[in-house]
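Quick one: structure below, then a few questions.
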Amino acid sequence: MNKFARHFLPLSLRVRFLLATAGVVLVLSLAYGIVALVGYSVSFDKTTFRLLRGESNLFYTLAKWENNKISVELPENLDMQSPTMTLIYDETGKLLWTQRNIPWLIKSIQPEWLKTNGFHEIETNVDATSTLLSEDHSAQEKLKEVREDDDDAEMTHSVAVNIYPATTRMPQLTIVVVDTIPIELKRSYMVWSWFVYVLAANLLLVIPLLWIAAWWSLRPIEALAREVRELEDHHREMLNPETTRELTSLVRNLNQLLKSERERYNKYRTTLTDLTHSLKTPLAVLQSTLRSLRNEKMSVSKAEPVMLEQISRISQQIGYYLHRASMRGSGVLLSRELHPVAPLLDNLISALNKVYQRKGVNISMDISPEISFVGEQNDFVEVMGNVLDNACKYCLEFVEISARQTDDHLHIFVEDDGPGIPHSKRSLVFDRGQRADTLRPGQGVGLAVAREITEQYAGQIIASDSLLGGARMEVVFGRQHPTQKEE
């Protein structure tokens, strides 16, 4: 069973459609055929009885009663509607006249039939029927074919009984008219054969039409399956929303799922990129410290605190970015804590001095101790670390830091004496992967990360010209009131 199911189940939609419609066509064809056969049979019986009764009336008209005997004179030019055998009885059931003397037929007429008008049938065999058809060569040929197929086949003859009351010229008579051609040799017996042929032809014609209908009807599903394969092969990003009404909801939900998955993938990829970038500074400090140890410019006792601090910084950054990845896009600030700005910047300056020790960068800071940052400490460190690292990288020697605070905003200014940022590129440097100077190493990530974080605080970063001759970065943090509720 499992092997069968594996090879044949589940059936495709096209096969299901074809089987279902073919079954419906078959059932309807059988039902219509049976109804037609029943209707034909009833109609055939009524028509046969009417014809036989007409011939009975004809024989009654042609009959003459003389000397207590009955005689029937048939005109030579009389055209009988169908070959029949007529028998005339008196009111006691005595046979008075018959067209031909066929003993088995006379014995087959039941006495009770003669008591009322009615329609009856006589069951006989092929040989007996042959005696009735002795003068009908066409019917004899058909009967011969039946005998060749089945020598024991039963034949059915229709019998009409009509009673005529006594008149002044004629006593009461009962006329029995027997149809000499059996029902099996009439066209009615071919109805079943025709029905089988019509049913077979119907299926042979309908199935190809159903296949075409199924192919046309299921084209949207085939198109959807093809688009899904293209998605798997990375040849498209979304499903085509222009589809049939029945599939619109499915396609819309799938596209929404694809969009959500892509956004989640991009979020984690961006977070991983940001984490990698944020680890550059502590790793550079560790590298510089190890180099100093190797060159014996620093003792182990002095290097150990520096290295432990940077390792702790790396651990904090990893935890920070994992948390940030889960909160990205939620619009919720991680904290409303108050942090003095000067100590945070002192730690960053100390780390950057180690990174750019060979370059001899001179970083100065003029910030009042009262100035504080409201929010997540790691957010502030990440933003200012990227901005200061960018300034140290492009300066010639000097970097200056200043700040001012209003009721709801914190402004921090970072200026350097480097080449500055051209006006045409000042908006581009905050986009991921965009850099004003492509000759120096970098990925164009730091300022983009800084801008994203400041935007979470309803802030911004503004690039302009510095009095030192280089670039001036104004970092603005909003939502700086300690009691302000998060939006």
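Just so it is clear, glycine is given a Cβ too, placed from its N, Cα and C backbone atoms.
According to Swiss-Prot, the divalent metal cation binding site annotation covers Asp151, Asp152, on the basis of similarity to another entry. What Swiss-Prot lists as ATP binding site is 386-394, 416-421, 435-447, and the listing cites similarity to another entry. Residues annotated as Mg(2+) binding site in Swiss-Prot, with similarity to another entry given as evidence: Asn386, Gln443. Per Swiss-Prot, domain 'HAMP' is recorded for 215-266, and the stated evidence type is sequence analysis. As annotated by Swiss-Prot, topological domain 'Cytoplasmic' applies to 1-16, 215-487, with the evidence given as sequence analysis. Under the heading topological domain 'Periplasmic', Swiss-Prot lists 38-193, citing sequence analysis as support. Residues or ranges marked as transmembrane segment by Swiss-Prot: 17-37, 194-214.
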State the Cα to Cα distance, in Å, between Pro419 (ATP binding site) and Asp152 (divalent metal cation binding site), rounded to an integer.
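Approximately 117 Å lies between the Cα of Pro419 (ATP binding site) and that of Asp152 (divalent metal cation binding site).
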By DSSP assignment, list the helix, strand and coil residue numbers for the domain 'HAMP' (215-266), in that order.
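Taking the domain 'HAMP' (215-266) as a whole: 39 helix, 0 strand, 13 coil.
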C-alpha of Asp151 (divalent metal cation binding site) to C-alpha of Asn386 (ATP binding site): distance in Å?
108
Taking only same-chain residues 6+ apart in sequence, whose CB is under 8 Å from that of Asp152 (divalent metal cation binding site), what do you get?
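Asn125, Val126 - these are the non-local Cβ neighbours of Asp152 (divalent metal cation binding site), listed in sequence order.
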With every protein chain in view, what's the tally of Cβ atoms within 10 Å of the Cβ of Asn386 (ATP binding site), excluding that atom itself?
26
